[in-house]
Amino acid sequence: MSLCWDITSMYKKTFVFPKLNLRPEVQEYLGNVFKNKELVAGVGQEEAESMFEELLYHLSHPPSFTCVRVSTHLAPLDTIRERLVEELRQMSGFDGGDIPILSHTHVPDVLLLPVIGPRPALPQSDEVIVGAQCGNAVLRGAHVFAPGILSAPKYMKAGDRVSVFSDLEGKCTRGAKDFQGKKVFVGNGVAEMGRSDIFCSGEPVKGVGIRMEEPVYLSPSFDNLLPSLVFLQNLPSVVVGHVLGPRPGERILDMCAAPGGKTSHIAALMKGQGEVIALDRIRGKVMRIRQNAQVLQLDCIKAYCFNSIQAVRTEHAQNPDDGPPFPAESFDRVLLDAPCSGLGQRPNMACAWSLREITSYPPLQRKLFHAAVRLLKRGGVLVYSTCTVTLAENEEQVAWALNTFPYLTLQPQEPHIGGQGMLGAGLSHDQLRLLQRFSPVRGQSGGTRGCDPDPDALHLTVAAETEPARLLQRANSDTIGFFIAKFLKT
Ligand SMILES: C[S@@+](CC[C@H](N)C(=O)[O-])C[C@H]1O[C@@H](n2cnc3c(N)ncnc32)[C@H](O)[C@@H]1O
């Protein structure tokens, strides 16, 4: 199937899914965050309300671009782009020749592929229900892996054409033959396994269960695609590595590192020279960091299973090898990519978390921050990041950090392609300008820092030579929700 890639459809942002569904108390909490007094005084009540609504719709839909970080420590960007075009040509349902693969003027090691959609696919009569997480992955280009399947038709066999629906409320029971609860159509595909292979094999089932042929949003599956050369990573996450600014020969700590996306980026930026210590408190996830380091051929990474809150060595503590805990002031740079409520992830159609769960993160983030500051050398750089949109985990943490550690100062970020920090935490305009908040909402982020052009107006005026710049502007603003702060310890 050849694709007709049409820039016009991309600029007409159409919402086909319901907005992100939250528990009422969480919806109210988040509403108060986005309609806080400082913000309302700045933009007005009506604008604040419409921006919040828009945010909830964007969050339930995938970003406009798929972003991959390329291994420029192994091959030049253009060589990797050519290899990628070749691979896409061979991929069924995907004609790479038609899709522009953009490089980024400010982020030298990414390639961006426009996501095609929403496409007018029609549901079939045979329905397969998948868990919400699996449904979200399908909307970002994945096939359906068998463990994600909750319900399949009674007589489904390999080769059958089926429609895939995502279970919005987590109510479908595994092994069901049909499901009448709240669900959303994510596309059509072909079963690679029969129902009995999925539910009655006696062993945990592995591999692709449904190969997606007609997804509502089309983007390539990167599963096992040039694994040492391209790494699927959201654009703001790649920005973090550059903002940290690691240099060859340095000693860097990544405190919450699994699965190692940012760790491996840091090591690549150091050209494999120096030391990147990666900690994560979950053992299985530490294995993933090691596997990723191996596949990406980065041997300056040392990964340990450790609780980073306890990563500062006390006077009496001994450690037999070079691992944690570490002496105070022993790292040139520290990355705290903190565990967070994850409300910036896209697409995300339903979040079942309670308010208690959502608000449980700031105390944990502060404990980690204390350890980060102690482990950093004087003159060193600390980067704090999250993939969430709340004030409490972002700007309010920055305000707390500046009060608690008077020797920390906010630093400009390079590149700065997202918006500035959000009003509401009592930070000055100068401080907000030093923060980088990626938010898919018009007027809150984008290359022009808060004055994105009207997206619907764009398709009327696009001229061939300005398309890449406009596409990049869209790629910068239509991302997952993300936050970055950079500090210097004096
Ligand atoms: C946002 S994810 C990190 C993503 C990672 N930086 C990347 O780019 O691939 C947060 C991670 O923090 C880990 N974590 C949570 N609490 C921790 C702690 N006290 N010490 C170390 N790791 C922790 C979680 O297991 C999770 O893998």
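Positions of Cβ are set from backbone N, Cα and C atoms, glycine also.
S-adenosyl-L-methionine is bound by Cys256, Ala257, Ala258, Pro259, Gly260, Gly261, Lys262, Asp280 in TrEMBL, and the record lists one more residue there from Asp322, Asp332, Asp337, which is Asp337. The Cβ centroid of Cys256, Ala257, Ala258, Pro259, Gly260, Gly261, Lys262, Asp280, Asp337 marks the S-adenosyl-L-methionine site; residues of that chain outside this set whose Cβ lies within 8 Å of it are Asp254, Thr263, Ala278, Lys285, Ile289, given in sequence order. In sequence order, Ala278, Asp280, Ile282, Lys285, Val286, Arg288, Ile289 are the residues of the chain that are 6 or more apart from Ala258 (S-adenosyl-L-methionine binding site) and have a CB within less than 8 Å of its CB. Listed in sequence order, Ala278, Arg288, Ile289, Arg290, Asn292, Ala293, Ile301, Ala303 are the same-chain residues at least 6 apart in sequence whose CB falls under 8 Å from the CB of Gly260 (S-adenosyl-L-methionine binding site). Lys262 (S-adenosyl-L-methionine binding site) sits 13 Å from Cys387 (active site, nucleophile), taking the C-alpha atoms as the reference points.
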